[in-house]
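Enquirer: Pasting a structure here, questions to come.
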Amino acid sequence: MKKIVLIEDESSVVSFIKKGLQELDYEISVALDGSTGIKLVENNDFDMIILDIMLPDINGLEVCKEIRKKNKTVPILFLTALDSSENIVLGLESGGDDYLVKPFKFIELVARIKSLLRRSGHSNGTDLNEVENDENTYQFADLTVNDYTKKVVRNGNEISLTSTEYKLLLYFLNNPEKVISRSEILEAVWGVNYELGTNVVDVYVNYLRKKLDSQDDSKIIHTVIGMGYVLKKP
(Lines of atoms letter the chains of each structure in order from A; the text may use other names.)
(Lines give C-alpha, C1' and ligand atoms only; values in the text may rest on other atoms or scores of the structure.)
Protein backbone atom coordinates (compact mmCIF):
# COMPACT_ATOMS: atom_id res chain seq x y z
CA MET A 1 0.00 0.00 0.00
CA LYS A 2 1.43 3.35 -1.07
CA LYS A 3 1.73 6.04 1.60
CA ILE A 4 0.77 9.60 0.67
CA VAL A 5 0.79 12.66 2.89
CA LEU A 6 -1.72 15.42 2.10
CA ILE A 7 -0.71 18.87 3.38
CA GLU A 8 -3.90 20.88 2.98
CA ASP A 9 -5.93 23.12 5.32
CA GLU A 10 -9.29 23.11 3.48
CA SER A 11 -11.42 20.49 5.25
CA SER A 12 -13.73 19.77 2.31
CA VAL A 13 -10.77 19.12 0.01
CA VAL A 14 -9.08 16.94 2.63
CA SER A 15 -12.23 14.86 3.10
CA PHE A 16 -12.79 14.46 -0.65
CA ILE A 17 -9.22 13.43 -1.46
CA LYS A 18 -8.72 11.22 1.58
CA LYS A 19 -11.94 9.27 1.05
CA GLY A 20 -11.33 8.80 -2.68
CA LEU A 21 -7.71 7.69 -2.35
CA GLN A 22 -8.43 5.35 0.55
CA GLU A 23 -10.99 3.60 -1.64
CA LEU A 24 -8.15 3.04 -4.13
CA ASP A 25 -6.01 1.44 -1.39
CA TYR A 26 -3.69 4.37 -0.72
CA GLU A 27 -2.70 5.05 2.88
CA ILE A 28 -3.33 8.75 3.54
CA SER A 29 -1.87 10.93 6.29
CA VAL A 30 -3.05 14.52 6.69
CA ALA A 31 -1.37 17.70 7.90
CA LEU A 32 -3.50 20.83 8.18
CA ASP A 33 -0.56 23.24 8.17
CA GLY A 34 2.96 23.46 6.80
CA SER A 35 4.96 22.95 9.99
CA THR A 36 3.04 19.77 10.82
CA GLY A 37 3.56 18.57 7.26
CA ILE A 38 7.32 19.09 7.47
CA LYS A 39 7.49 17.10 10.72
CA LEU A 40 5.40 14.28 9.24
CA VAL A 41 7.71 14.00 6.24
CA GLU A 42 10.82 14.09 8.45
CA ASN A 43 9.53 11.29 10.69
CA ASN A 44 7.89 9.02 8.11
CA ASP A 45 8.75 7.39 4.81
CA PHE A 46 6.11 8.57 2.33
CA ASP A 47 5.87 7.54 -1.32
CA MET A 48 4.43 10.91 -2.33
CA ILE A 49 3.40 14.36 -1.06
CA ILE A 50 0.34 16.38 -2.13
CA LEU A 51 0.93 19.97 -1.08
CA ASP A 52 -1.25 23.09 -1.07
CA ILE A 53 0.46 26.46 -1.48
CA MET A 54 -1.88 28.67 0.57
CA LEU A 55 -1.39 27.21 4.05
CA PRO A 56 -2.23 29.03 7.31
CA ASP A 57 1.30 29.16 8.74
CA ILE A 58 4.04 28.51 6.18
CA ASN A 59 3.66 29.08 2.45
CA GLY A 60 3.60 25.76 0.58
CA LEU A 61 6.54 26.84 -1.58
CA GLU A 62 8.65 27.24 1.55
CA VAL A 63 7.40 23.89 2.83
CA CYS A 64 8.56 22.31 -0.42
CA LYS A 65 12.00 23.92 -0.19
CA GLU A 66 12.37 22.75 3.41
CA ILE A 67 11.42 19.19 2.49
CA ARG A 68 13.85 19.20 -0.44
CA LYS A 69 16.75 20.03 1.89
CA LYS A 70 16.53 16.51 3.32
CA ASN A 71 14.54 14.55 0.76
CA LYS A 72 15.46 15.07 -2.89
CA THR A 73 13.51 12.19 -4.39
CA VAL A 74 9.98 11.98 -2.93
CA PRO A 75 7.48 13.18 -5.59
CA ILE A 76 5.69 16.42 -4.70
CA LEU A 77 2.41 17.41 -6.37
CA PHE A 78 1.21 20.96 -5.80
CA LEU A 79 -2.57 21.19 -5.52
CA THR A 80 -3.75 24.80 -5.36
CA ALA A 81 -6.18 27.45 -6.58
CA LEU A 82 -3.28 29.65 -7.72
CA ASP A 83 -3.38 29.12 -11.47
CA SER A 84 -1.15 31.85 -12.93
CA SER A 85 1.90 30.90 -14.97
CA GLU A 86 4.07 32.69 -12.42
CA ASN A 87 2.79 30.45 -9.62
CA ILE A 88 3.30 27.34 -11.73
CA VAL A 89 6.90 28.39 -12.35
CA LEU A 90 7.49 29.12 -8.66
CA GLY A 91 6.09 25.71 -7.75
CA LEU A 92 8.36 23.88 -10.17
CA GLU A 93 11.42 25.93 -9.23
CA SER A 94 10.86 25.33 -5.51
CA GLY A 95 11.22 21.59 -6.07
CA GLY A 96 7.73 20.45 -7.05
CA ASP A 97 7.32 17.72 -9.67
CA ASP A 98 3.82 18.55 -10.90
CA TYR A 99 1.08 21.16 -10.44
CA LEU A 100 -2.70 20.60 -10.43
CA VAL A 101 -5.08 23.56 -10.21
CA LYS A 102 -8.31 23.56 -8.18
CA PRO A 103 -11.04 22.81 -9.03
CA PHE A 104 -9.97 19.49 -10.49
CA LYS A 105 -11.48 16.17 -11.49
CA PHE A 106 -10.64 13.31 -9.16
CA ILE A 107 -9.72 11.09 -12.11
CA GLU A 108 -7.09 13.66 -13.14
CA LEU A 109 -5.64 13.73 -9.62
CA VAL A 110 -5.35 9.93 -9.65
CA ALA A 111 -3.67 10.02 -13.07
CA ARG A 112 -1.11 12.57 -11.82
CA ILE A 113 -0.44 10.46 -8.71
CA LYS A 114 0.10 7.28 -10.72
CA SER A 115 2.37 9.09 -13.16
CA LEU A 116 4.55 10.56 -10.40
CA LEU A 117 4.78 7.26 -8.54
CA ARG A 118 5.71 5.48 -11.74
CA ARG A 119 8.39 8.05 -12.59
CA SER A 120 9.88 7.84 -9.12
CA GLY A 121 9.92 4.04 -9.04
CA HIS A 122 7.30 3.76 -6.27
CA SER A 123 4.52 2.19 -8.32
CA ASN A 124 3.34 -1.38 -7.93
CA GLY A 125 4.59 -3.77 -10.56
CA THR A 126 5.81 -7.18 -11.61
CA ASP A 127 8.68 -8.95 -9.90
CA LEU A 128 11.97 -7.25 -10.84
CA ASN A 129 13.49 -10.48 -12.11
CA GLU A 130 10.85 -10.58 -14.81
CA VAL A 131 11.62 -7.17 -16.21
CA GLU A 132 15.41 -6.86 -16.14
CA ASN A 133 15.71 -7.02 -19.91
CA ASP A 134 16.59 -4.89 -22.91
CA GLU A 135 13.03 -3.58 -23.31
CA ASN A 136 13.41 -1.69 -20.02
CA THR A 137 17.03 -0.63 -20.40
CA TYR A 138 18.59 2.38 -22.11
CA GLN A 139 22.28 2.29 -22.98
CA PHE A 140 24.02 5.48 -24.13
CA ALA A 141 27.82 5.63 -24.10
CA ASP A 142 28.77 4.59 -20.54
CA LEU A 143 25.32 5.47 -19.16
CA THR A 144 22.80 2.71 -18.36
CA VAL A 145 19.22 3.38 -17.25
CA ASN A 146 16.66 0.74 -16.28
CA ASP A 147 13.21 2.28 -16.69
CA TYR A 148 11.54 -0.28 -14.42
CA THR A 149 13.84 -0.10 -11.42
CA LYS A 150 14.69 3.57 -12.18
CA LYS A 151 18.34 2.64 -11.62
CA VAL A 152 20.79 5.03 -13.27
CA VAL A 153 24.44 3.98 -13.62
CA ARG A 154 27.30 5.79 -15.31
CA ASN A 155 30.74 4.25 -15.65
CA GLY A 156 29.84 1.75 -12.91
CA ASN A 157 28.64 4.41 -10.45
CA GLU A 158 24.98 4.47 -9.41
CA ILE A 159 23.39 7.93 -9.56
CA SER A 160 20.43 9.09 -7.47
CA LEU A 161 17.99 11.37 -9.33
CA THR A 162 14.81 13.16 -8.33
CA SER A 163 11.69 12.19 -10.25
CA THR A 164 11.89 15.35 -12.37
CA GLU A 165 15.58 14.83 -13.13
CA TYR A 166 14.83 11.24 -14.09
CA LYS A 167 12.01 12.24 -16.43
CA LEU A 168 14.28 14.84 -18.03
CA LEU A 169 17.02 12.25 -18.56
CA LEU A 170 14.53 9.81 -20.05
CA TYR A 171 13.37 12.46 -22.52
CA PHE A 172 16.96 13.00 -23.64
CA LEU A 173 17.47 9.24 -23.98
CA ASN A 174 14.39 8.98 -26.18
CA ASN A 175 15.78 11.75 -28.40
CA PRO A 176 19.53 11.01 -28.68
CA GLU A 177 21.73 13.17 -30.91
CA LYS A 178 18.75 15.51 -31.53
CA VAL A 179 18.80 19.19 -30.63
CA ILE A 180 15.82 19.79 -28.31
CA SER A 181 14.48 23.27 -27.61
CA ARG A 182 13.63 24.50 -24.13
CA SER A 183 9.93 24.77 -25.06
CA GLU A 184 9.93 21.11 -26.17
CA ILE A 185 11.47 20.09 -22.85
CA LEU A 186 8.96 22.20 -20.89
CA GLU A 187 6.06 20.47 -22.61
CA ALA A 188 7.48 16.94 -22.35
CA VAL A 189 8.74 17.06 -18.77
CA TRP A 190 6.46 19.60 -17.07
CA GLY A 191 3.39 19.42 -19.31
CA VAL A 192 3.58 23.14 -20.05
CA ASN A 193 2.92 23.85 -23.72
CA TYR A 194 3.84 27.52 -23.78
CA GLU A 195 6.88 29.61 -22.86
CA LEU A 196 6.71 30.81 -19.26
CA GLY A 197 9.73 33.10 -19.33
CA THR A 198 11.51 30.91 -16.80
CA ASN A 199 14.91 29.26 -16.53
CA VAL A 200 13.51 26.10 -14.92
CA VAL A 201 14.75 23.99 -17.86
CA ASP A 202 18.27 25.39 -17.57
CA VAL A 203 18.23 24.85 -13.81
CA TYR A 204 17.23 21.19 -14.08
CA VAL A 205 19.60 20.47 -16.96
CA ASN A 206 22.36 21.88 -14.75
CA TYR A 207 21.24 19.65 -11.84
CA LEU A 208 21.29 16.64 -14.14
CA ARG A 209 24.69 17.48 -15.61
CA LYS A 210 26.27 17.82 -12.17
CA LYS A 211 25.06 14.35 -11.19
CA LEU A 212 25.91 12.63 -14.46
CA ASP A 213 29.37 14.20 -14.63
CA SER A 214 30.16 13.99 -10.91
CA GLN A 215 32.74 11.23 -11.41
CA ASP A 216 34.81 13.27 -13.91
CA ASP A 217 33.12 11.54 -16.83
CA SER A 218 32.97 13.19 -20.23
CA LYS A 219 29.99 15.50 -20.73
CA ILE A 220 27.06 13.97 -22.63
CA ILE A 221 24.45 16.76 -22.38
CA HIS A 222 25.61 19.69 -24.50
CA THR A 223 24.26 23.22 -24.91
CA VAL A 224 23.49 24.35 -28.44
CA ILE A 225 23.57 28.14 -28.22
CA GLY A 226 20.32 29.75 -29.30
CA MET A 227 18.61 26.39 -29.85
CA GLY A 228 18.55 24.19 -26.75
CA TYR A 229 20.30 20.99 -25.69
CA VAL A 230 21.48 17.73 -27.22
CA LEU A 231 22.41 14.34 -25.77
CA LYS A 232 25.61 13.44 -27.58
CA LYS A 233 28.27 10.79 -27.05
CA PRO A 234 31.66 12.08 -25.86
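Note: Cβ is positioned from N, Cα and C throughout, glycine not excepted.
Under the heading DNA-binding region, TrEMBL lists 135-233. Per TrEMBL, the feature domain 'Response regulatory' maps to 3-117. The feature domain 'OmpR/PhoB-type' is assigned by TrEMBL to 135-233. Sequence annotations record features per position, and here TrEMBL assigns 4-aspartylphosphate to Asp52.
How buried are the listed features, and what sits near them?
Expert: Averaged across the DNA-binding region (135-233), pLDDT in this predicted model comes to 85.
For the domain 'Response regulatory' (3-117), residue counts in helix, strand and coil come to 55 helix, 23 strand, 37 coil, using DSSP.
Every protein chain considered, the tally of other Cβ atoms within 10 Å of the Cβ of Asp52 (4-aspartylphosphate) stands at 26.
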Enquirer: Report the DSSP secondary-structure composition of the domain 'OmpR/PhoB-type' (135-233) as helix, strand and coil residue counts.
Expert: 35 helix, 24 strand, 40 coil
